[in-house]
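Look at TrEMBL and you will find Ala11, Glu32, Leu40, Val76, Trp361, Gly368, Val369, Ile370 tagged as FAD binding site. Summarising the annotation, TrEMBL assigns NADP(+) binding site to His147, Gly148, Asn149, Val150, Arg191, Arg192, Glu203, Gly368. The domain 'FAD/NAD(P)-binding' annotation in TrEMBL covers 2-158.
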Amino acid sequence: PRVCVVGGGPAGFYTAQHVLKHHGGARVDIYEKLPVPFGLVRFGVAPDHPEVKNVINAFTQTARSERCAYYGNVTVGRDVTVAELRQAYHAVVLSYGAEDNRVLGIPGENLSGVYSARAFVGWYNGLPENRDLKPDLSCESALIVGHGNVALDIARILLSPLSLLRKTDITDGSLAALACSKVKRVWLVGRRGPLQVAFTIKELREMINLPGARPVLNPADFTGLEDAIKDAPRPRKRLTELMIKTALEKPGEKTLEVQAAAPREWGLKFQRSPQEVLPTVDGQRARGVRMVLTRLEGSGDSAKAVPTGDVEELECGLVLSSIGYRSLPLDPSVPFDTQRGVIPNSSGRVEGVPGLYCSGWVKRGPTGVIITTMNDSFDTAQSVLEDLQVGVLDVSTSREGFGAVGSILRSRGVRPVSFSDWEKIDAAEVARGKAAGKPREKIVDPQEMLQLIGH
């Protein structure tokens, strides 16, 4: 059987890995829009979290398998259609992730100084489409809308000492911009309360212990919460206890000295919903955000934030919205639920289209960490294997796989990038990084990548 996977991120690689491992004869081809593989592991994981990127080693093993092939620089939906892939393969799995972001939908969102978290993360991680972002870091206060791990990542990158960032694979350009940054205060704002934050304890602890930055938490937000978390699940309980401790504990003298000397600070603001980004006098730039205070209806994860009518303004020249990523429809022939931003499916089988599957964020929505995506992709791969076993997928007719797709691409002037091509780019990045004392220096221009491999 020939299986095609669309998307070279974690979902695509885990799907391929599972199929290859559990079917001794299957061949899997992975198509990726960018010349370089690994998706959010390369472009989403924070530069100062290198251990999270270790999964790349397993993905590389998969790509090097003689029954697997990688074709980068191929945009499915433009260079080749899903219908053409379905003719060439017995099964097609869509694992192309979430390449857009949710918008706040408030006045002033398009002012200069307002950025999506997705674009900002893409900028410091070398995502080609965000390489020219040039965020303005000339203000002292930044406001991040959202209480997830991505919001904490951004706050940490904005406030980290340069000595820490210099040792990471953060891009050269963003390191230079952060070196000149005037930002010394970051507020993370959420519509709901401390019991509804979406970040995890590891990321919060890292932020609390960040050298040169002190946490500013309002004790009033945390009083009486001990009772509320008595029966909460353990991760939520430990996370809340850490916030309570940070907010309510009287710091010792040593801590006081360190905090007084800390040139930067960050804080969490709760039960506030952004209503408008306020413009400067000339109407060009952001100068602050007007927020409406909310009250919570219900409790726990399902609590809803209801606006009270009271408003508050916060001065800031940099606004980052970190309220989630969003998948986009790929091809008119593929069903898509625009409300939920996913492909309608059951266990990864696309509704009403036999032989078509999906895995990862486009299957279940843009939530969860790499391990969540792994389990989800194994689940989809299992559906493919079952369908092969019971004959839902007809393997008696041979399919040409890349044989057919390759000639379509050639006729359209598209030159795919192989995995050994990527390994040349990889070697060049590592060599450039070594010269600068970093694990790698990412190439951010796709044209430069293609020139390097003689395309």
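Glycine residues also receive a Cβ, built from the backbone N, Cα and C atoms like all the rest.
Positions of the features from TrEMBL, shown on the structure.
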residue: Ala11; record: FAD binding site; CB count, 10 Å: 31
residue: Val76; record: FAD binding site; CB count, 10 Å: 22
residue: His147; record: NADP(+) binding site; CB count, 10 Å: 23
residue: Gly148; record: NADP(+) binding site; CB count, 10 Å: 20
residue: Asn149; record: NADP(+) binding site; CB count, 10 Å: 19
residue: Val150; record: NADP(+) binding site; CB count, 10 Å: 23
residue: Arg191; record: NADP(+) binding site; CB count, 10 Å: 23
residue: Arg192; record: NADP(+) binding site; CB count, 10 Å: 19
residue: Trp361; record: FAD binding site; CB count, 10 Å: 29
residue: Ile370; record: FAD binding site; CB count, 10 Å: 17
Neighbouring C-beta atoms (10 Å sphere around the C-beta of Gly368 (FAD binding site)): 14
Candidate binding-site residues Gly148, Val150, Arg191, Arg192, Glu203, pick with smallest Cα gap to Leu40 (FAD binding site): Val150
Among Glu32, Glu203, which are binding-site residues, the residue with the most C-beta atoms within 10 angstroms of its C-beta: Glu32
Alpha-carbon spacing, Arg191 (NADP(+) binding site) to Ala11 (FAD binding site), which is rounded to whole Å: 30
Cβ neighbours within the same chain of Val369 (FAD binding site) - under 8 Å, at least six residues apart: Asn149
Minimum Cα separation from Glu32 (FAD binding site), reported as the residue among binding-site residues His147, Val150, Glu203 that achieves it: Val150
Neighbour count (Cβ, 10 Å) for Leu40 (FAD binding site): 21
Recorded FAD binding residues, Ala11, Glu32, Leu40, Val76, Trp361, Gly368, Val369, Ile370 - maximal Cα separation rounded to whole Å: 25
Candidate binding-site residues Ala11, Trp361, Gly368, Ile370, pick with smallest Cα gap to Val150 (NADP(+) binding site): Gly368
Minimum Cα separation from His147 (NADP(+) binding site), reported as the residue among binding-site residues Ala11, Val76, Trp361, Gly368 that achieves it: Gly368
Glu203 (NADP(+) binding site) and Ala11 (FAD binding site), Cα-Cα, nearest whole angstrom: 23
Maximum Cα-Cα separation (Å), residues His147, Gly148, Asn149, Val150, Arg191, Arg192, Glu203, Gly368 listed as binding NADP(+): 20
Whole-number Å value for how far Glu203 (NADP(+) binding site) lies from Trp361 (FAD binding site) (Cα to Cα): 22
Rounded distance in angstrom between the Cα atoms of Glu203 (NADP(+) binding site) and Ile370 (FAD binding site): 15
